[in-house]
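Only one structure is covered here, and it is reproduced in the block below.
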């Protein structure tokens, strides 16, 4: 092996990071772009007309219209999330994710044309982008199950935090683009970037180590031997009946739902909260909105590395580790939102609390984001597709809840109960997972695991 050989699983992990980054760039750009796309629809009691900056055409979209458009992505996303894991396992995760991102990138660049036509055209475009991007994360989980050795699982799952980085860079960059070039270019530039990354994806990624054309024999054997017999080479339909009856699976689904509620709430509502309630300008709102996601990204790799270290040393069983990491991933973020609801009056204190809350949620790489790999490596994509389908619904509900509370007045007082609802969505699922969750490979995985290194860990459970 040449001395400069870069392990192909590292290339795959990097491209998983990039695929998730693309997915979130296309997901979150409307959250900040829409501020520059709409007229001021708030009630103005003194009858004066506020002159808004000229970033391009502005449309008379009400708060309800905006909530509908912000939720459109998630309607489409939810539909394909459900079968996406099975599609990845049957058709190959590389092609399913790659071609979906390609078409979604083209549609992103067409969003300004849709806005000029009609708000329902924007809804249709956003729906289709979500429909296409719904396959990305289940495909990535399918690839993780085939490329990641067990003691590197935490870092591989952390690579899926590329979505968080996508949020981090999209909001501030979009703010700068909008203020200098206009909001339409915030769509064009994202579309071009997507096309470039997709080309690299097809060059570097293969569905399995055995299918990679340039992987070394040593690396291929290392990955395959570390996974042992946890994975089957045969294509099988997922055991849906067993899933429905599995309490560990239901626990995982609720845990993931809670994590996604907090994440999607901050994605869809933070720019609006910072700009309209706390009074930050558009570029500042973009930068400050990204800070919680920077914290989540950094903590995700930190918690993922700690989880791998604990696993290599055999200090905790997988079940104990997943439950322990629920404390930082769910309980503490919920507590921080409660603090925000009662004490968040100063703008910079609000930003700090939101940053700490989502930063702790980075521990999801060692709790809900990794648990589908534990329960059924053979169907990791399918499991994640199902829980992600359910976990997408907060992306629909949270803008509607924000719109309902802020329709008549949009001040910090109206946001009090929005934060309390978010806190409950974090904490209650974690309590349920502590009672019924598991890190064991389930019987319905349908593969014997006696020769696997993973079995050494699971026999302790």
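Keep in mind that glycine also has a Cβ here, set from the backbone N, Cα and C atoms.
Given the ranges 349-370, 437-458, the record in TrEMBL names 349-370 as transmembrane segment.
Of the two recorded stretches, the transmembrane segment (349-370) lies close to the transmembrane segment (243-267), with three or more CB pairs under 8 Å once pairs fewer than 6 apart in sequence are set aside. Here the transmembrane segment (382-405) has long-range neighbours at 63-64, 66-67, 70-71, 73-75, 77-79, 81-86, 89, 134, 137-138, 141, 238, 243, 249, 252-253, 256-257, 259-261, 263-265, 267-269, 272, 368, 372, 375-376, 414-415, 417-418, 421, 425, meaning same-chain residues at least 6 beyond its ends whose C-beta is under 8 angstroms from one of its own.
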